[in-house]
Structure formats: structure tokens, C-alpha cells
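Structure, as C-alpha cells:
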Amino acid sequence: MNGKHITKLGFEGKAVGLALTAAKLREDAGVSRGDILDELQSVQNYPEQYRGGGVYADLAAHLLEQQAAQQSRQSAKLRAAPLPYRTWGADLIDPGAHAQMDVAMQLPVSRAGALMPDAHVGYGLPIGGVLATENAVIPYGVGVDIGCSMMLSVFPVGAGNVSTDEARSLLLKHTRFGAGVAFDKRDRLDHPVLHEATWKEQPLLRHLFDKAATQIGTSGSGNHFVEFGTFTLAQADPQLEGLDPGEYLAVLSHSGSRGFGAQVAGHFTGVAQKLWPQLDREAQKLAWLPLDGEPGQAYWQAMNLAGRYALANHEQIHARLARALGEKPLLQAQNSHNLAWKQVVNGQELIVHRKGATPAEAGRLGLIPGSMADPGYLVRGKGHPEALASASHGAGRQLGRKAAERSLAKKDVQAYLKDRGVTLIGGGIDEAPQAYKRIEDVIARQRDLVDVLGEFRPRVVRMDTGSEDV
DNA sequence: ATGTAC
């Protein structure tokens, strides 16, 4: 018995040596060469039957690994060309974001997609990207800040009822900003999301529970904010339950799932990237988890928990401010804009990822903020099928953080704020209004995706202190 | 986005 006999049977690479070793053991046991070759053929055809033990166990295990690697190579192969997708506001979108969307549309699991007018470059899927996949969820198709969302409360008093100084001290007292921040134990509020059994269903969630419990109700950093402003309703709408046209005091917040969501995202994109070692480099950050597999199910559960947790953060922020004001909101609206949903697309249930995109099914309310000093809008979705029922999640950056720090000065930002009568607590040059696209342009490009119902003008804004104060 | 990295 030699290598030639083995390779003739079709064994390759390391399998040849393993087969030879096993064959020698069988020869020593007095088995004839013909019988051994029959056995080897059988191992090759049915490796799973030999995996359990015996002289062929190592060979069988290796063959199964080879098979899996081969399958992985096949199923990780990108399409030769991206599937077609529609772009809203292409004149506002940089080529880098388009290039990222093109790669996403080459994934074998992709079925449909769209690019929103606030789109700009992100990790994996661009911000403002909408991607529908079949039986697959992409952690970086949702984003690092799972469940990042908006919430608006409109109060039954005039905007002038709270002075700038008062709004300022309310924000300083009742909100917390910055990476890693939490509320002191005595200031913490409870929330039903912290009592969900889901936290006990995965070791990772058990591990992250304490962090989540201490950080609930906080706002983090980057583009997250809490602001007092004026909500203007120009025209009554039956969906707004008898809210009369007029100007109201309102609170608008942008917040996410804090350290908890970030760790969930980091963990599962790691799992996904290990699952597809053969995936092209350019698509590595788009690694997916099959939804019918164990890690895919675990991510789906953790992602949805992070989504509920992020909304709970907003609820606490608004509850604290409402209590301090002594007012009950007339109207509240909220929406997640970093999440994946099961959605029927062209008659098929797909996984629709919105990474910096507002759900805009027909009749659904949503919130699209501008910059720290520009208006945000209460909108109603029109359910545009080619946009996969989505809209932009904001104005979108036109300057990256570093570019903003290089090209803008404090006084530019201060003048912009003064012009619009906006008071800012914290904030950084990297969040300068001039670093964002004009929200009016972005809204104008998506008139077929949403109707604008109301306008929110910021007056007193709190953000985290940036790398360089304004 | 997050506190400073499986």
C-alpha cells in the first residue's frame, strides 16, 4: 500500500497521509489490500459514519472539515456584479458610500437594497444604506450602535414657557453624556426592559446586564443629543390625535444602546467574520450570520433586546425631563434607525437592515433630525417599495470628523449657533452644523418616501464634549 | 458608536 493507491481514490492534501496511516494499521491487523481500499472508498463517501471512532476517525474528521471549507468558499463567493438598487439624492452622496453599497449588493445573501440621501461612508454597510438579505443577518449591516433611535415629546405649553437658563439647568441635571457614563445608584430609574428573561438566555447577555442597568437613561457621545426646542404643527392631522396647529415646547433626543449594544455588535461581527474566512477582503465587514443557525439566532435575540433597551433609554430621558417640567406630553413619537427587521419584499420574507435609515412604511411616524442648530422633522412614511419602505435618518455628514476638525473653527460654529438662537452645552467641532448636509436638501430628495407633518427647531442642545470644545 | 480592543 502506498500513496499512489490513495491518490487514485481521490484523496487530496493532508487526507492522503491520514488515509495511509489508517491503511497501514489495517494491513498490520491482517486485512487485505482490496478490502482496505473498499473501506477507504467508503470513508470518503460517508465520512460522517466514521467520525465517531476507530482507525478512520481522524481521516473522516479531516474530510468533513475539507467539505465544510469547500462549501464556505462556494457560499462566500461575491456576485460578479452588484444587484441593481435605487439611490435617493445621488447628487448629495460621495462615491465612497456608493462603492460600499455596491459591495453589499454583491453579497450572495443580498436580494434588494436602497441608498438614502443622507448616505455616507461607514463600517461595512454605508450609513444611510438599506439592505435586504435572505436568511442572513449582518451585524455591521445594523451598525455598532444597535437600536440607535430618536424620540420626540411635545408638551401642552408654549415654547416660551421654559427659559433658556431653565432648559439649560434641566438638561445639566437630568441627562448624562459621555462614553462610559452611568447614573449614580441613587439616581437610577427602573424599566421593564431590565426585567426581561432574555438577559438570562445567553452568557453574553448575562455578562452585559450590569453595564446595561447602570447606563440606562444616559446619552453617550458622538452625534447623540438631548434638546429643548419648538415644535411647530402647521396643519392638523388625524393621526396626531387632535393636536391643534401651533407652536409647542418639545424635547427631542438621539441615543442608542450604549456600551451594551456596542459589545453585542463587536462580539457577533467577530463570530460572523470567523464564519466566512474566504470572504473577499472588501466585504469582510459585511460578514453575515445565517438566521437558521445558532449564532444567527443568538444575534437576532441580542439585537432586538438592544433595540428595546435603546428605546427604554429615551423613555427614561423623556420621563425625567417631563417630571421636572411637571408636564405630561401631548404627543410622543419614536423610531429606531439602526436595526434589522423581518419584512416582506416582493412577496418574500427577507431581513431588511436599516443602518442609519428611518423605517417609513405607509402611515408610520418617524423623526428625521438635522444638525445641532437646524430643524428636525416629524414625518410619515409612504411605504415606497423600491426604498424598502425607508427614508434618511438625518441630514448625514458631508465632512468626516477629522475633516471637520481641520477645516472648521470654533468661531464658525459659534456664529452659526448665534444666528439661529441656539444655546449649546458640550458639543465639538466634529459635530459642527457645517459638517452636515443641508437638512432641507436631504428632505427635498425624499418627498416620495415621507410626508413632513411637523418641524422641530432646537433652542437648547446638550451633547457630549467633543475632542475640541465649541 | 464605545472607554482604551479576543
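Backbone N, Cα and C atoms are what each Cβ position is placed from, and that goes for glycine too.
Features of the protein shown, as given by TrEMBL:
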BINDING   A:Asp145, A:His224  Mn(2+) 1 binding site
BINDING   A:223-227, A:337-338, A:369-372, A:393-396  GMP binding site
BINDING   A:His254, A:His337  Mn(2+) 2 binding site
ACT_SITE  A:His393  active site, GMP-histidine intermediate
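Structural mapping of features recorded in TrEMBL.
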residue: A:Asp145; record: Mn(2+) 1 binding site; DSSP class: coil
residue: A:Asn223; record: GMP binding site; DSSP class: coil
residue: A:His337; record: Mn(2+) 2 binding site; DSSP class: coil
residue: A:Met372; record: GMP binding site; DSSP class: coil
residue: A:His393; record: active site, GMP-histidine intermediate; DSSP class: coil
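For the binding-site residues listed here (A:Asn223, A:Asn338), the lowest count of other CB atoms within 10 A around the CB belongs to A:Asn223. A 10 Å cutoff on Cβ-Cβ distances gives A:Gly396 (GMP binding site) a total of 25 other Cβ atoms nearby, all chains included. Taking A:Asp145, A:His224, A:Gly370, A:His393, A:Gly396 as the recorded positions under consideration, the smallest Cα distance to A:His337 (Mn(2+) 2 binding site) is found for A:His393. The Cβ of A:Phe225 (GMP binding site) lies under 8 Å from the Cβ of A:Ser219, A:Leu252, A:Ser253, A:His254, A:Met372, A:Val461, A:Arg462, A:Met463, each on the same chain and at least six residues away in sequence. Looking at A:His393 (active site, GMP-histidine intermediate) and A:Asn223 (GMP binding site), their Cα atoms lie 12 Å from each other. Residue pair A:Glu227 (GMP binding site) / A:Asp145 (Mn(2+) 1 binding site) shows a Cα separation of 20 Å. A:Asp145 (Mn(2+) 1 binding site) has A:Asn223 as its nearest neighbour among the binding-site residues A:Asn223, A:Gly370, A:Gly396, going by CA to CA distance.
The CA atom of A:His224 (Mn(2+) 1 binding site) is located 12 Å away from the CA atom of A:Gly394 (GMP binding site). The most densely surrounded of the binding-site residues A:Gly370, A:Gly394, judged by C-beta neighbours within 10 angstroms, is A:Gly394. Of the binding-site residues A:Asp145, A:Glu227, A:Glu227 has the largest number of other Cβ atoms within 10 Å of its own Cβ. Of all Cβ atoms in the protein chains displayed, 29 besides its own lie within 10 Å of the Cβ of A:His337 (Mn(2+) 2 binding site). In the shown protein chains, 26 other C-beta atoms lie within 10 A of the C-beta of A:Met372 (GMP binding site).
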